[in-house]
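Report on the following structure.
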Number of protein chains: 2
Amino acid sequence: MKFTLQATDKHTQARAGIMETAHGTIETPIFMPVGTAGTVKAVHQHELADDIKAQIILGNTYHLYLRPGLDVLQRAGGLHRFNGWQKPILTDSGGYQVYSLTEVRKIREEGVTFRSHIDGSKHLFTPENVMDTQRVIGADIVMAFDECTPYPCDYQYARRSLDMTHRWLKRCCERFDATEPLYGYEQTLFPIVQGSVYRDLREKSAETIAAFGREGNAIGGLSVGEPAEEMYAMTEVVCRILPAEKPRYLMGVGTPVNILENIALGIDMFDCVMPTRNARNGMLFTRQGIINIKNKKWETDFSPLDAESDLLADRVYSKAYLRHLIRSQEILGAQIASLHNLHFYLWLVGEARAHIVAGDFHEWKSKMVKQLDERL
Amino acid sequence: MKFTLQATDKHTQARAGIMETAHGTIETPIFMPVGTAGTVKAVHQHELADDIKAQIILGNTYHLYLRPGLDVLQRAGGLHRFNGWQKPILTDSGGYQVYSLTEVRKIREEGVTFRSHIDGSKHLFTPENVMDTQRVIGADIVMAFDECTPYPCDYQYARRSLDMTHRWLKRCCERFDATEPLYGYEQTLFPIVQGSVYRDLREKSAETIAAFGREGNAIGGLSVGEPAEEMYAMTEVVCRILPAEKPRYLMGVGTPVNILENIALGIDMFDCVMPTRNARNGMLFTRQGIINIKNKKWETDFSPLDAESDLLADRVYSKAYLRHLIRSQEILGAQIASLHNLHFYLWLVGEARAHIVAGDFHEWKSKMVKQLDERL
């Protein structure tokens, strides 16, 4: 993987870059739609590529490991061949899901035993087998196996967890470097900075992670319930330490405003379920602010979702129609709202990038963050 | 509405025709995807038009009346404007849903009182107000309000119900003819033959209905649980009586084999929830037979759904991937399977038409019905 910085903002830490992977080029800052079980919910692969203009999507190791399972994925020749998405894929390590979705039996030095949320079956994730699993899935970018601490998290727990995450990282790197890609193309491992909301722990973690010298670095354990100001403070601390010449990925973030603020702090990559999950509940993100399409006020608003959008669905479907679909729990409602929100997120990071290159990111961002949180 | 017969098969009663409506031309025999609440479930309008090549879709008066409701539909300027589907629409009368979905309070000469399946609210459908409702919805073809008898149905009940359906038809016609379209384009009313599985009642009903001299005629009360042979027998009896120069619509039918057999008996129009409803449960209809995609045998079948299809989804998604999506209850599974099945149904009636025109429908049909019911 090759990362090239194209432009750095004069007034903020925002950067525009290009990542080159085996499955194509990614222009950063970028948002990665979440395709948990090998599908971005309610969206076709050709819609992701052609309409939303996604450049990379995310898959969840935990979900893919359980279903369809590694045997199927390996026989398919990896996730790209399995789901027909030809552009880059990043997989998380499963850590977050193990802690948030399952009945965790035990976190030990060896790894984590847990029960499947699907059938209750018992499984063990270790740094080593999670690397092997991600070799089988075949993502272009794979994530280290870490412990994602909850919020709030007491200092002693966060400190001890962090040390274990660092020891696990060493094991991840050793296993990853001792194994080869299975499908003939390069994979890259990103380590993850943890440390909850403690500045000294975040600094220590960022230094430790940076010293591993991998090709990109991630920040985890944020957007787990802490106030946005704490998130920004931690991002700032960590970005000051992580090397500028490598991409920085802030995991699981966030709202449109969160994304712009973190771009300003030096983040290059984002993922979040918000645009798709909230879409299915009728929340639309727009340039002017947030729409709850279920509200009565849209009942007879027959204007298009966005008449000026380059997304077909935004031009041909009205607010009143989408409201009807979402209220009636029609699948097409989830489809339209998911298309809209993902298109908007990709538009947002694309605009951010254009303004970084043009040199007026700071002014543009200041204007945008005022309106993006408005309730329409 | 204008209907022109283009070809009639020499060995069967099958016909190829063209219907011209205010929203465009329909080549018969045709299958109409069911868009219950103003959306064909899991399918975008542009996919219906461009990929599936649907020429007309169906809407359900009962569902649309309850949600979004007549006020919204009237303000939108009718269903076409509301959902963005520019081609022809047919609406049923709500009769079938009232009997099958609701707690029916009472069927009287005046009409039917029932409680909404959504919120339990009480409503009255009469022949007159159902015509008014369909004026508001604005479908190109609207259906008479009838009583759809269940199967089995005792003879005396079927006879009395039939007489009421005929009296209701008179009221429907009077109301329809006394009112004008609301949106400036022509609407056409089709009456419905009933009579359960009783030959003499079906004959009487067909004669009565034909005597009304409307521009098309429908057959209802079949595909409600009776054996296929009884359905075909009734279709045959009725088609012998209904005028040849007008389109004949067999409501709620059916499997691919049912459709071919009924085309052979002289039916021009079909609708059924089967291709979409069964799609969501993982049943795929193909030229070679029926696939239950959940079966283990497809787990590692990475071949496309149909490599030779002109539907993109058939070529880019594999059986193993669709199996994974359906088993994981992913929305994309419903999307792909619905596209596949509807595309197949439209392909099937299009092929039937081509063979009627070419003069070899009978041989083609005999070959097809042998394989369409195979379990793959």
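Including glycine, each Cβ sits where the backbone N, Cα and C put it.
Of all ranges given (B:106-110, B:276-280, B:286-290, B:371-375), TrEMBL attaches the label region 'RNA binding' to B:276-280. With B:D92, B:S93, B:G94, B:G95, B:Y96, B:D146, B:Q194 listed by TrEMBL as binding substrate, the candidate from B:G69, B:G120, B:G221 annotated for that site turns out to be B:G221. TrEMBL lists region 'RNA binding' at one of the ranges B:84-90, B:161-167, B:252-258, B:301-307, namely B:252-258.
Counting other C-beta atoms within 10 Å of each candidate's C-beta, the binding-site residues B:S93, B:Q194 are led by B:Q194.
One residue stands out among the binding-site residues B:G94, B:G95, B:G221 for having the most other Cβ atoms within 10 Å of its Cβ: B:G221. Remote same-chain residues near the region 'RNA binding' (B:276-280) are listed as 33-34, 40-43, 333-334, 337-338, 340-342 (criterion: CB distance under 8 Å, separation of at least six residues from the stretch ends). When the region 'RNA binding' (B:252-258) is classified with DSSP, helix, strand and coil residues number 3 helix, 0 strand, 4 coil. Largest Cα-Cα distance over the residues recorded as binding substrate, namely B:D92, B:S93, B:G94, B:G95, B:Y96, B:D146, B:Q194, B:G221, equals 15 Å. In three-state terms derived from DSSP, B:Y96 (substrate binding site) belongs to a helical segment. Each residue contributes its Cα atom, and for B:Q194 (substrate binding site) and B:D92 (active site, proton acceptor) those atoms are 15 Å apart. Remark: secondary structure over the region 'RNA binding' (B:276-280) totals 5 helix, 0 strand, 0 coil, with classes taken from DSSP. Spacing of B:G221 (substrate binding site) relative to B:D92 (active site, proton acceptor) is 13 Å (Cα to Cα, whole number).
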